[in-house]
Amino acid sequence: MEGSASGKFSGYSCLFMISFLMVCWGVRSELTTDFYEKSCPNLLGIVRKEVKKAIENETRMAASLVRLHFHDCFVNGCDGSILLDGSDGEKSALPNVNSVRGFDIVDTIKSSVESACPGVVSCADILAIAARDSVVLSGLNTWKVFLGRRDGLVANQTGANNGLPFPTDSLDTITQKFANVGLNQTDVVSLSGAHTIGLARCTTFSSRLFNFSGTGAADSTMDTEMVSDLQTLCPQGGDGNTTTSLDQNSTDLFDNHYFKNLLVGKGLLSSDQILFTGDAAASTTKSLVESYSNDSSLFFSDFINSMIKMGNISPITDSNGEIRTNCRVVNS
């Protein structure tokens, strides 16, 4: 009988340990703000230092790093797949060619992190931290980034071509692309507010300047003085890679000026202005644009919530994926 009792106790103990481990594994399968607290305690300081240096060297880099995180999360989830080299990679997708940038900065950050904590921190998490730091260094209050993502093993060029919003997309199309990854219209408007910093190439908005939609004239929803200035900057047949500020008169400061611009027809991209102008916006996004233009605190709060929400799109966790040594290639 004693042997039987001992067997039961042993069995219960085993079940308890399995349950305990499952609970522990369950916790680590979720993103947490303290994921690297023990395994790489200086991580946040290392990333902040490199991002700060990059922005001091080129202010535009803040917007570029935010965009990298955005374009990563919309394809395969936030898995660092946008960083993978290769002709069939996401870098070569139409929304990314001659557009996404900052890969060398990510390489520098990764190298510094690897020196301190080899084989511990994913490239996907580095993108998330760098995006947060870029916004904070541009003027927004900080927030805690949820971490614990692992890196994906494959890129998805088709997914990038089909899933990433284009500057010429309709509001319905943009809303649907956001919905496809679990984001709503508040996220559409608040995350579009990231265009309060950064630059855009002529090729992304030149269709609004000449013979818009076959009218023979510029887009009537764009401020006429702005049209004139942009026609000079981006003449027909000119260099499509010439750039201008997404947020006129407030290029490098993260504020709500972007939304004030939309109210007076000064949204640069069509995908910006349609958040306020047109029938589709009237019953959907227009009122939120007005709210953000009047209340920067509301915009900041919603933006942070949307960034956290976007950063949680289909993360790879547990033992899935890998921790890349070089963000550009999968481990051999």
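Note that Cβ sites are derived from N, Cα and C of the backbone, with glycine treated the same way.
Here TrEMBL flags His71 as active site, proton acceptor.
The Cβ neighbour count for Asp72 (Ca(2+) 1 binding site), using a 10 Å radius and every protein chain shown, is 29. Residues or ranges marked as Ca(2+) 1 binding site by TrEMBL: Asp72, Val75, Gly77, Asp79, Ser81, Glu90.
Here TrEMBL flags Pro165 as substrate binding site. Counting every protein chain shown, the Cβ of Pro165 (substrate binding site) has 20 other Cβ atoms within 10 Å.
Listed in sequence order, Leu246, Asp247, Tyr258, Leu268, Leu269, Asp272 are the same-chain residues at least 6 apart in sequence whose CB falls under 8 Å from the CB of His195 (heme b binding site). The heme b binding site annotation in TrEMBL covers His195.
Sequence annotations record features per position, and here TrEMBL assigns Ca(2+) 2 binding site to Thr196, Asp247, Asp255. Within the same chain, residues at least 6 positions away in sequence whose Cβ sits under 8 Å from that of Asp255 (Ca(2+) 2 binding site) are Gly139, Thr196, Ser296.
According to TrEMBL, the domain 'Plant heme peroxidase family profile' annotation covers 30-331.
Residues or ranges marked as site 'Transition state stabilizer' by TrEMBL: Arg67. Neighbour count (other Cβ atoms within 10 Å of the Cβ, all protein chains): 21 for Arg67 (site 'Transition state stabilizer').
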Given the recorded Ca(2+) 1 site (Asp72, Val75, Gly77, Asp79, Ser81, Glu90), which additional residues of the same chain have their Cβ within 8 Å of the Cβ centre, ordered by sequence?
His71, Cys73, Phe74, Asn76, Cys78, Gly80, Ile82, Gly152, Ala155, Asn156, Gly159, Ala160
May I ask which of the recorded positions Arg67, His71, Pro165 is closest to Gly77 (Ca(2+) 1 binding site) if we compare their C-alpha atoms?
His71
Here the Cα-Cα span from Asp79 (Ca(2+) 1 binding site) to Arg67 (site 'Transition state stabilizer'), rounded to a whole number of angstrom, reaches 14
To the nearest Å, how far is the Cα of Asp72 (Ca(2+) 1 binding site) from the Cα of Pro165 (substrate binding site)?
12
What is the separation, in Å, between the Cα atoms of Val75 (Ca(2+) 1 binding site) and Arg67 (site 'Transition state stabilizer')?
13
